[in-house]
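The block underneath contains the structure these notes are about, expressed in structure tokens.
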Amino acid sequence: MNAPQTNDTAADVATIEASAAEVGRRALTRREQKEAYEDNKLFKRIVRQVGQAIGDYNMIEDGDKVMVCLSGGKDSYAMLDILLRLRERAPIDFDIVAVNLDQKQPGFPEHVLPEYLTQIGVPFHIENQDTYSIVKRLVPEGKTTCSLCSRLRRGILYRVAGELGATKIALGHHRDDIVQTLLLNMFYGGKLKGMPPKLQSDDGKNVVIRPLAYVKETDLEKYAELREFPIIPCNLCGSQPNLKRAEMKALIREWDKRFPGRVDNMFNALANVVPSHLMDTTLFPFASLRATGQADPQGDIAFDEEPCASGDETAAPGGAKPISIVQFDDL
């Protein structure tokens, strides 16, 4: 009777295991390569969109001091991160200072932002103002705090900008925020009013910019996860149920899933306005309109059916072209 070939069997098992491990490593490598490729695409897309928005609206000029409002959320972290990267390659010189308004919310981790900003070497200022107590005292239980909180915060940030000598105030609102604001004003305010990428502040002393205006929120979520920003949750507004803005956010997310391109077209429509085909008499002189006997390209022909967008278009509002603030091939 032959003895069992224990050594040969063990060797065969070891070979099979080694082969399986190698296959697993190759599969992991391919997956990692794909993830790295997608991450790089995401980064380049956000950089391109931010650079394009800055160029389209002349948000940042040579010699500017940009006050980046940093809340500790994903949007403001991403805005600061991208602006720092753009500044490295920009053909102009501008300074960046990060500002956080500590509103004295219970449990707010005061150490997170100073540690992060010190680590990445960005000048910063922490403004301590107990707006939390004011909001809680003045707003009835169950009512939204957003309106009062934003007014208080806005006034403080305008003052701080003046004290720091900032020429631009950068806020982290993105594409979805802008469309949400449009829908809110239409549904609840009876206005065609959105959230502009650039505006003069209420006091007339500051210019507010929104560099993330062209960026989708889902991209910012992925980017924040990729960069591992130390996110700080907001206890004032994010935890409140039944907010109208939350309803608009859910609606936009649903449209993005079911009807690709719909939200993009709504966003692009904000930069393709035809006042003669609306109803605002302050924008178009309807009362004095008379037949001139000359053909008008914006007349009846405007009611003809136009080709619908496919949803694949990636152009910015108004068909604007990217600016040359950064050489994207070098990223």
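Glycine is treated like the rest: Cβ placed from N, Cα and C.
Of the listed segments 71-76, 239-244, Swiss-Prot assigns motif 'PP-loop motif' to 71-76.
Here the motif 'PP-loop motif' (71-76) has long-range neighbours at 100-101, 112-113, 171-174, 212, 217, 220-221, 223-224, 229-232, 234, meaning same-chain residues at least 6 beyond its ends whose C-beta is under 8 angstroms from one of its own. Look at the binding-site residues C146, C149 and count other Cβ atoms within 10 Å of each Cβ; C146 has the fewest.
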